[in-house]
Structure formats: C-alpha cells, structure tokens
Amino acid sequence: MSEIKIEIAKNREQYNEEASSKYKVGMVSLGCDKNRVDSEIILGKMSDEYEITNNPKNADIIIVNTCGFIESAKQESIDTILEMANYKINYKCKLLIATGCLTQRYGEELKTLIPEIDIMLGVNDYNKINEIITEFIDGNKLATELLNYSDENINEGKRIITTQRESAYIRIAEGCNNFCTYCIIPKIRGKFRSRKMENIINEARDLSESGVKEIILIAQDTTLYGSDIYGKKNLHVLLKELSKIEGIEWIRVLYCYPEEIYDELINEIACNEKVVKYLDIPIQHISDKILKLMGRKTSKKDIINKIQILRERVPEIVIRTTFIVGFPNETDEDFNEIIDFLKEYKLEKVGAFTYSQEEDTPAAKMDGQIDEEIKEKREEDLMLLQKNISEEINKLKIGKLYDILVEGYNGKCYYGRSYEMAPDIDANVLFESNAKIENGEFVKVKIVETMDYDLVGVVVDESCK
C-alpha cells in the first residue's frame with residue numbers, strides 16, 4: 001500500500017456559480033498510447049455527468065494527462081499545462097486538472113511551479129475523479145487529500161474512444177517488472193499486473209459493436225500477459241479468444257519483449273488469420289555490453305535468433321523496433337553494432353531516440369555520460385540508414401496487392417493502412433477511387449509508387465471484406 005497525494009488548490013470560490021453537471025470537459029492527452037487509454041477511461045467516467053468537448057477553448061474543465069518518461073516529454077507536458085492555464089484567462093476554463101505520469105512523479109514540484117493547477121491526480125486516482133471535482137466545486141475539501149491505493153489496481157471501465165473509430169487500443173496489463181536502468185516507469189506505474197481475460201474480451205466485444213475493426217493490444221510488456229494471474233504466459237490464448245469476436249478483422253500486438261516471445265505465441269501469430277503479421281519488439285540496443293548496462297534480460301545472439309525464428313515461421317512478418325543511442329559508455333564500436341545489425345537484418349520499421357538522463361534511475365548515476373551532440377549525430381546517422389532501408393523495402397512492394405483499412409479522405413485522395421502499418425507511428429497507403437468509400441471499410445489496393453515512407457496505390461477491389 002502507498003499514498004498518492006491529490007493536491008487541491010484553495011482558490012475555489014469562482015467555481016460555485018454553476019452545477020458541475022453543466023460543465024464541458026476537454027482533454028489533452030500526451031505521451032504514449034497507454035496514456036491515451038487512461039485519458040479515454042477518464043472521459044468515460046466523466047461522460048455521464050459532464051459534456052465532453054474536443055475543443056479546449058470551449059471547456060469549463062480542462063484535463064492535461066501528462067507524460068514523464070523522458071526529458072522532452074516532461075517539457076512538453078509542462079508547456080501544455082502552461083498553455084492550458086492561459087485558457088483560464090482567455091477562454092472559458094474554470095478548472096485546470098493535471099494527471100498522469102508527470103504529476104505522479106513530480107506532484108510537489110508542479111504545485112509550486114504551476115499554481116494555476118487546481119487539482120492534481122496520480123496514475124491510479126481516476127475512479128474518484130467525479131467525486132473530487134464535485135467536492136472542489138462545492139468547496140467542501142481542504143487543500144490536500146490523501147488517497148490510499150494498492151498497486152494491484154488497474155484502471156478499467158467505460159471509455160470515450162479518441163482514435164480513428166475503426167481502430168482502438170486495448171491495454172491488457174498495467175505496470176512493469178523489468179526495471180531497466182534507464183527507465184522510471186516501474187516506479188510510476190508499479191509492478192506488472194494483467195487484466196482478467198474476460199474483461200478484455202468484453203471490452204473488445206463492445207468496441208466491435210461500436211464499429212471498431214482493428215484492436216491493438218498494449219502493455220509495458222504484452223508478452224508477459226497472464227503470467228501473474230494465470231501462472232503462465234497466456235497471450236496466445238487471449239489472441240485466440242479475441243479472434244472469435246465478430247466484426248474484429250485485425251488484432252495487432254505491440255511491445256513484445258524479445259526474451260519473452262514464446263513458441264505458442266509464434267504459432268498463434270502464424271496460424272490465426274485475424275492476428276496481423278506485425279510485431280513491435282523493443283530491442284533498444286544490440287551491443288551486449290550496452291544491453292547489460294541497460295539491465296536488459298537478453299543478448300545480441302538471442303535477439304538475432306528470435307528474429308530469425310519469427311521470419312522462418314511467419315514469412316510475411318513485419319518487425320518494428322526502437323533503439324536508444326548515446327547510452328552511458330556507448331562507444332563508436334557499440335553504436336556501429338546497431339548500424340551493422342540493421343544493414344544485415346533490414347528491419348522493416350525502426351525508430352530511435354537519444355538517451356535521456358532521468359533522475360532516480362541507475363543509468364543517470366553512471367560514469368561515461370555521452371555529449372548531446374554525439375547522441376544527436378548517432379540518432380541522425382541511424383535514421384538516415386533506416387530511411388534508405390525503408391526505401392529499398394518499399395520498392396519491393398510495387399505491384400503487390402494489399403487489403404487496406406480505410407481511415408479517411410484528405411481532399412485529394414483516400415488514405416489507410418495495410419497490416420504492415422500500425423496507427424500513429426507508421427506510414428499510410430494513399431489511393432484514389434471513383435466510388436465513395438467509408439472509413440472502416442477494407443479495399444484491395446495495388447501498390448504502384450513509393451515515397452520516402454508512404455505508398456501510393458490504385459484500387460482493384462473496393463470491398464475486399
């Protein structure tokens with residue numbers, strides 16, 4: 001058990017003019033897709049008592065769901081809170097709420113830094129958000145309240161989906177047990193804990209009934225799903241059960257730690273037609289020296305072996321990964337191991353970011369911190385290489401047919417994604433059609449041209465599913 005502070009400012013007189021049920025609520029969600037799910041749950045909990053608006057300028061209550069993962073994310077969160085604080089002067093905002101990882105980590109500092117914040121919530125306080133707002137408005141609370149909570153808690157419940165209606169994320173677990181030396185997430189989010197399978201299936205069924213065609217499974221480590229509550233890893237069973245839901249056409253899995261990918265999971269990916277042949281595998285580095293310093297539970301040999309197995313057993317598999325460059329003590333030789341690895345194995349989707357020295361992490365205290373200029377140069381070199389690899393891979397797609405999940409029309413052409421493309425992070429397929437096509441439909445498209453990352457195609461069948 002631990003205590004989470006909910007800081008409530010004293011200047012509440014201005015909020016007594018109207019009943020809370022008349023207020024409009026606007027949400028600004030920052031950070032990862034797991035944070036987005038939290039934002040959707042918050043809106044779901046508030047939707048019966050408040051009117052939801054997607055324009056903060058029209059909102060009486062503004063919620064900023066922050067990210068506190070790396071320095072740039074923290075700065076973006078602070079800048080956004082300050083921007084929304086100005087809405088209390090220039091627009092309708094009467095109540096500013098900050099929540100999420102940054103407030104969980106830096107609640108006291110934020111209270112001093114940004115006194116315009118009226119309420120601060122930690123990452124597990126969402127169940128009481130309506131009660132807290134009502135008490136604040138009614139003036140019945142003192143400046144500070146303490147809530148006890150167990151890190152067994154998982155935020156669940158009704159959601160207001162904020163993504164394209166044809167796709168939605170489903171968080172299957174909360175927290176993390178990995179304790180990588182550069183990462184603060186386990187201290188913020190707590191230990192790894194899986195959701196019950198029946199709750200996930202019910203949520204997926206509800207999403208399907210609302211028109212969702214693609215569900216994207218997320219967690220800090222999806223491959224560990226079930227190990228804590230069922231006694232063994234059970235992601236393959238979850239995939240099998242989810243694929244039985246009528247209306248769900250694609251099931252995508254993100255955040256699979258390489259050392260936890262297991263045979264039954266690979267078999268299910270290979271054999272289940274609804275499970276797209278796409279895995280997000282956060283490798284982070286390929287040098288054994290750096291992997292050890294990062295506290296990763298794998299090795300270069302094991303990573304390469306897992307990639308080879310996946311490609312042998314699932315020939316059409318698309319692998320996405322990320323690398324951290326400029327980690328403490330990373331030499332040119334260590335960095336070049338990543339470069340050589342990418343040249344040889346040509347992963348389809350790669351992202352990179354520079355190491356961020358996060359306080360309260362072991363890596364922050366390591367000797368051998370790398371200059372920012374060197375970090376940025378390594379990131380630039382890596383992404384330039386990957387751009388060339390992506391162009392090479394894309395050229396091989398010319399003439400191929402893909403089922404495309406349509407996501408919209410930009411005024412000139414339609415756009416959507418093949419199974420090789422995850423929402424928000426990957427490219428699109430652009431195509432024209434004489435017929436009107438609705439979002440969420442599947443069409444068969446032949447690729448005729450490539451861009452740096454996007455593909456251009458022509459429709460050969462305007463209703464393939």
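Heads up, the Cβ atoms here are built off N, Cα and C, so glycines get one too.
Per Swiss-Prot, domain 'MTTase N-terminal' is recorded for 23-138. The DSSP breakdown of the domain 'MTTase N-terminal' (23-138) into helical (H, G, I), extended (E, B) and coil residues amounts to 63 helix, 23 strand, 30 coil.
Summarising the annotation, Swiss-Prot assigns [4Fe-4S] cluster 1 binding site to Cys32, Cys67, Cys101. Residues within less than 8 Å, Cβ to Cβ, of Cys101 ([4Fe-4S] cluster 1 binding site) and separated from it by at least 6 positions along the same chain comprise Gly31, Asn35, Thr66, Cys67, Gly68, Phe69, Val123, Ile185, Ile188, Arg189.
The domain 'Radical SAM core' annotation in Swiss-Prot covers 162-392.
In the three-state DSSP scheme, Cys180 ([4Fe-4S] cluster 2 binding site) is classed as coil. Summarising the annotation, Swiss-Prot assigns [4Fe-4S] cluster 2 binding site to Cys176, Cys180, Cys183.
What Swiss-Prot lists as domain 'TRAM' is 395-461. DSSP states for the domain 'TRAM' (395-461), grouped as helix (H, G, I), strand (E, B) and coil, give 1 helix, 33 strand, 33 coil.
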Next item on the list: Calculate the distance in Å between the alpha carbons (Cα) of Cys176 ([4Fe-4S] cluster 2 binding site) and Cys32 ([4Fe-4S] cluster 1 binding site), and round it to a whole number.
Entry: 15
Next item on the list: Would you count the other CB atoms within 10 A of the CB of Cys183 ([4Fe-4S] cluster 2 binding site), including those on all shown protein chains?
Entry: 22
Margin query: Give me the CA-CA distance between Cys180 ([4Fe-4S] cluster 2 binding site) and Cys32 ([4Fe-4S] cluster 1 binding site), in Å, as a whole number.
Written below: 18
Check: Within 8 Å of the Cβ centroid of the [4Fe-4S] cluster 1 site residues Cys32, Cys67, Cys101, which other residues of the same chain have their Cβ?
Finding: Leu30, Gly31, Lys34, Asn35, Thr66, Gly68, Phe69, Ala73, Gly100, Leu102
Check: Cys32 ([4Fe-4S] cluster 1 binding site) has how many other Cβ neighbours within 10 Å of its own Cβ?
Finding: 20
Next item on the list: Determine, for the [4Fe-4S] cluster 2 site, the additional residues of the same chain whose CB lies within 8 Å of the mean position of the CB atoms of Cys176, Cys180, Cys183; present them in sequence order.
Entry: Asn178, Phe179, Tyr182, Ile184, Ile185, Pro186, Gln220, Gly295
